[in-house]
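Trainee: Per Swiss-Prot, topological domain 'Extracellular' is recorded for 1-30, 94-103, 171-181, 357-369. For 8, 15, the entry in Swiss-Prot reads N-linked glycosylation site. The transmembrane segment annotation in Swiss-Prot covers 31-55, 68-93, 104-126, 148-170, 182-205, 333-356, 370-390 and rests on similarity to another entry. For 56-67, 127-147, 206-332, 391-408, the entry in Swiss-Prot reads topological domain 'Cytoplasmic', with the evidence type similarity to another entry. Residues or ranges marked as disulfide bond by Swiss-Prot: 103-176. The site 'Implicated in ligand binding' annotation in Swiss-Prot covers 110. What Swiss-Prot records for 188, 192 is site 'Implicated in catechol agonist binding and receptor activation', and it gives similarity to another entry as the kind of evidence. Residues annotated as region 'Disordered' in Swiss-Prot: 242-306. What Swiss-Prot records for 260-270 is compositional bias 'Acidic residues'.
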């Protein structure tokens with residue numbers, strides 16, 4: 001969001017025609033700022049284009065929910081092309097050069113893209129939550145068309161929040177500042193950042209709680225502890241082949257049981273790959289602990305007896321891979337959301353603080369500008385996060401880069 005508050009900004013704007021304007025930075029400082037921001041713009045565009053191409057061309061990334069990442073990458077590219085260059089010019093020159101009409105649209109686009117980023121992250125967190133808590137039912141509805149409709153709603157909400165207040169505000173020819181009235185600053189910060197951020201954090205805490213609950217169920221199954229599982233807890237165990245009991249030591253039986261339980265999934269087996277739905281036949285089996293009496297049962301779904309290489313085994317394997325991808329993406333997106341909040345929170349907090357108590361409790365102007373540019377830097381970090389934390393993205397990026405190099 002473009003805000004450059006200065007104590008004497010109005011007075012300076014009035015004196016533009018009276019005396020030649022001096023740029024606020026020396027030539028070496030201006031050159032360094034231009035170089036750094038240009039690198040940020042380049043990194044943002046190249047990185048997010050790679051994300052879009054990777055999702056659209058890689059089989060491992062072609063799940064419908066990854067369309068959210070494509071839309072988020074588009075928002076970051078638009079920030080780099082339609083917002084940051086004009087913010088850079090305004091920063092270096094010390095005044096707005098591009099007229100009042102473009103100022104209104106520039107501010108609206110700035111708020112739009114920032115708001116859309118966090119609303120995208122909200123939608124992603126809700127998508128993850130539903131996929132974990134209502135796996136079978138939600139995944140039947142999780143089609144590309146439905147995801148595209150959700151993305152359209154995200155952009156519509158962002159536009160409704162961003163455009164009307166800014167387009168209706170009059171702007172000076174030589175100064176492009178966002179509405180500085182207290183009511184607008186507080187309401188825009190609440191709607192554009194704090195409320196969506198609170199929703200996002202709350203939903204991910206619930207996802208963590210569900211995952212922890214299911215992890216404890218697995219621990220119970222592996223250790224044979226007495227515990228009555230809740231209705232939502234199911235231990236899913238895959239076993240390729242049931243073996244007949246043979247005379248063996250207790251330790252070998254324990255090892256075998258432990259090996260069987262090592263493949264327990266924390267998510268429902270239909271969570272990510274609906275094509276594997278009819279491939280499992282479930283039966284109830286008690287999980288008994290060593291050296292214990294009768295135990296309470298935990299409902300365990302066993303794969304049917306499968307010959308190696310059978311279609312059922314292949315489908316089960318695909319489902320296992322899909323589930324692991326789903327878990328990895330959930331972790332990666334948690335990192336993305338955390339970094340987004342860390343990048344933008346200092347700006348929104350100090351911006352709101354200034355609205356409440358004015359200059360006396362606000363940070364120094366240089367620090368406020370730093371917070372403002374750190375927020376813009378967030379547009380370039382998502383591709384880096386995907387590369388560091390997700391193997392599927394790393395492979396897809398390498399493939400795209402190698403393919404581009406071969407063509408040239």
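Using N, Cα and C of the backbone, Cβ positions are placed for all residues, glycine too.
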Trainee: For the topological domain 'Extracellular' (357-369), would you mind checking the mean pLDDT of the predicted model?
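Mentor: Residues in the topological domain 'Extracellular' (357-369) carry a mean pLDDT of 81 in this prediction.
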Trainee: Please identify, from the disulfide-bonded residues 103, 176, the residue with the sparsest Cβ neighbourhood, meaning fewest other Cβ atoms within 10 angstroms.
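Mentor: Comparing Cβ neighbour counts within 10 Å for the disulfide-bonded residues 103, 176 gives 176.
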Trainee: In angstrom units, rounded to an integer, how far apart are the Cα atoms of residue 176 (disulfide bond) and residue 192 (site 'Implicated in catechol agonist binding and receptor activation')?
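Mentor: One finds 20 Å between the Cα atoms of these residues.
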Trainee: Relative to the Cβ position of residue 110 (site 'Implicated in ligand binding'), how many further Cβ atoms are located within 10 Å?
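Mentor: A 10 Å sphere around the Cβ of residue 110 (site 'Implicated in ligand binding') contains 23 other Cβ atoms.
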Trainee: Please state whether DSSP places residue 103 (disulfide bond) in a helix, a strand or coil.
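Mentor: In three-state terms, residue 103 (disulfide bond) counts as helix.
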Trainee: Under 8 Å between C-beta atoms and at least six residues away from its ends: which parts of the chain pack against the topological domain 'Cytoplasmic' (56-67)?
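Mentor: Contacts of the topological domain 'Cytoplasmic' (56-67) (Cβ under 8 Å, skipping residues fewer than 6 from its ends): 124, 127, 131, 142-144, 146-148, 151, 272, 325, 329, 392-393, 395-396, 399-400.
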Trainee: Return one of helix, strand or coil for residue 188 (site 'Implicated in catechol agonist binding and receptor activation'), based on DSSP.
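Mentor: The three-state answer is helix.
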Trainee: Taking a Cβ cut-off under 8 Å, which residues six or more beyond the ends of the topological domain 'Cytoplasmic' (391-408) line up next to it in the same chain?
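Mentor: Residues 50-51, 53-55, 57-58, 60-61, 325, 328 contact the topological domain 'Cytoplasmic' (391-408) from elsewhere in the chain.
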Trainee: Would you identify the secondary structure of residue 110 (site 'Implicated in ligand binding') according to DSSP, in three states?
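Mentor: Once the DSSP labels are grouped into three classes, residue 110 (site 'Implicated in ligand binding') ends up as helix.
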Trainee: Given the recorded sites 110, 188, 192, state which is nearest to residue 103 (disulfide bond) when distance is taken between Cα atoms.
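Mentor: Nearest listed residue in space: 110.
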Trainee: Between residue 188 (site 'Implicated in catechol agonist binding and receptor activation') and residue 110 (site 'Implicated in ligand binding'), what is the CA-CA distance rounded to a whole number of Å?
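Mentor: Checking the Cα atoms of residue 188 (site 'Implicated in catechol agonist binding and receptor activation') and residue 110 (site 'Implicated in ligand binding') gives a distance of 13 Å.
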Trainee: Measuring Cα to Cα, how many angstrom lie between residue 110 (site 'Implicated in ligand binding') and residue 192 (site 'Implicated in catechol agonist binding and receptor activation')?
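Mentor: Between the alpha carbons of residue 110 (site 'Implicated in ligand binding') and residue 192 (site 'Implicated in catechol agonist binding and receptor activation') there are 12 Å.
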